[in-house]
Amino acid sequence: MASTSNLLDVVRHYQRSIEKHGEDEQRLLHCITKLFNLPIKFEHLQETGIGKTVNALRKISGEVGVAAKTLVTKWKAMVAKEDPSIASTPTAIHNEEDSGKTKSSDEDPDQENKGGNSSSGEDLNTSKHKSKHAKSTKHERSSSSRSHSKSRSDSDKKHKSSRHDKSKDRDKDREGQKEAKEHKEKKSNGEHKSKDSSKSSSSHKSSKSESHKSEHTKSKHEKDKTSHSELKEVKDKSSKHKSSSSKSSKRSHSPPRHEEESQKAKIPKVKSKSEEDSADGFDSSMGANFDDVLGLLNIPISSKKSSSNSKSKFVAKPTAAPSSSALSAPTTAGSSKEALSTSSRPTSKKPELLASTAKLEPLDPNIALELPTISNNYKPMPLNQTVMDVVFNQGGSHKAQASRYFNESEALAQGISSKTMRTKIYSGVRTGQILQVPSLFDLCTRVLQKNIDALEYTGGVPFEVLRPVLERATPQQLLNFEEYNPYLMDDSDVLWQQHVQRHCRSQRREEMETWREMFLRCQEEKDRKLSILAESIKASQKISEAPVRKTQLAFVDSMVKPPRSVQRKQEQYGTKGKLIATPAARVAALSSVTPNAAKVGDARLRVLAAARDTAQVGAGPARSKKAPLMAKTLQFMRGRLKR
């Protein structure tokens, strides 16, 4: 109990914080995150009203609205798990409607075949009327005093006894027929319905207390299945039923009028009791939907179905109410015909699915959780860490998600996410990707960055506007741009500092020197060094060039010696002649005769390298040149012979 009270205090603390800091987005996100992690139950939502407070935050755009929607979805799932009767209420009401139709269809052939069983039909109609009357006064019974219940039970007892005395003899003869009829009702309506019908059929012989107990239990059972919206429709239908019963009671005597007056007296009490219940708060036994707890304006689907069921129930009621005086046979036959006609009316209606507003069963809570909330204005998911944890991690609900199977869409999303989680291999920066719509300033900046060479005089645009463009410029482009716009030199020193640190790291700035002047000085030194280096390279290239080839004459000033073999033969055969004068001596002799003769060193005496002096060199035997392949083969053979 202490932990529950502590949890309620924590929830109320965050509720007050949300109401107090309605404009602080960070505070609201903090409170929603804390509420998401708390183990809040349905009774906590009822006592504190935090559901209505958080539901009001869904209208806020942005991260707060998304987080509030997620928290409301979680609470809806929690309520659906804790109280499944709320989700199953429409189907139970639908089953009641079907069983009511089968019950009326089972009673119709009995009324056709047994025209004389007027008293038994009247008893069944009165028991039905009592049960419907008990449904309309269900809230009044639980809170009314004992004196009021005694007076009402006494009047009911008198009314029952007057009818019981007249139909006593007929009931004895037709007990077997009633048992067969009860057997049919068991087959059509089930065990629960047959118990109620058997109690209503045996109420003539039972005491006043037993009938009161059966009505009280039935009213409790119906109370669990009806909501606050159904009660209003029951009031409207009961007022319509009063008018129809008053018309039919004109034919009979005063007891039905007395019954109508009692109903009129009870309906305001029911209304006051229902207002008290709604003021006290929502009760789980009332069948209130989770949307009612959150204070939404929309009405649950179960109320529509219950209203249609109540309409069919009131249509199936007999219009002729039984009177205390004995009714004649024609009157009973007419009442049975009216009951037949009224019971056959619902069957002639169109099926519910073919109606203009088809009534479908509500979605399964698990499916409703997976569906996104419908919005006319689509907004992308905000990239806030708190919201992402709430939406994707779902707090501490990992175990619940692991137990269930994935559907096709979830399995596909899981496969894609696992593929993106793999190790990525760097393959360069992706260019040309625009992840978001650029602004006009960004578009203009990109165009100027691509066309820096075309920029000239700007007309006095501030430096901060042009800075993204000038940061992409080279030093030469920046110099040209400053020539057209000298006013930028005062602010562009930051850009020149970047160029100096990039190109001239080893240099130091002199005193009272700007970064622009330092860059220009370093550039001049670099150019001078380059020019000196270029000149030295050119000079070395001139020196290293190959000299011009010169052809020199051999044996110009000396005698030409014959080869040794020739010299031996000349000595052997005695053919050794006089030594021939040297070429130089011959030239000198000729120069004395002819002054135009060439002297030593004259260019005319130069002989080409390829030219051969056939007179000086004896004609030896010409050797035939061997082919390269043959020469190689012979060399190989000589090498083998040497081995």
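Cβ from N, Cα, C; glycine included.
When S120, S131, S348 are compared with the annotations in Swiss-Prot, the one labelled phosphoserine turns out to be S120. In terms of DSSP secondary structure, the domain 'TFIIS N-terminal' (9-82) contains 62 helix, 0 strand, 12 coil. The predicted model assigns the region 'Interacting with Elongin BC complex' (439-448) a mean pLDDT of 93. Residues in the region 'Interacting with Elongin BC complex' (439-448) partition by DSSP class (helix H, G, I; strand E, B; coil) as 9 helix, 0 strand, 1 coil.
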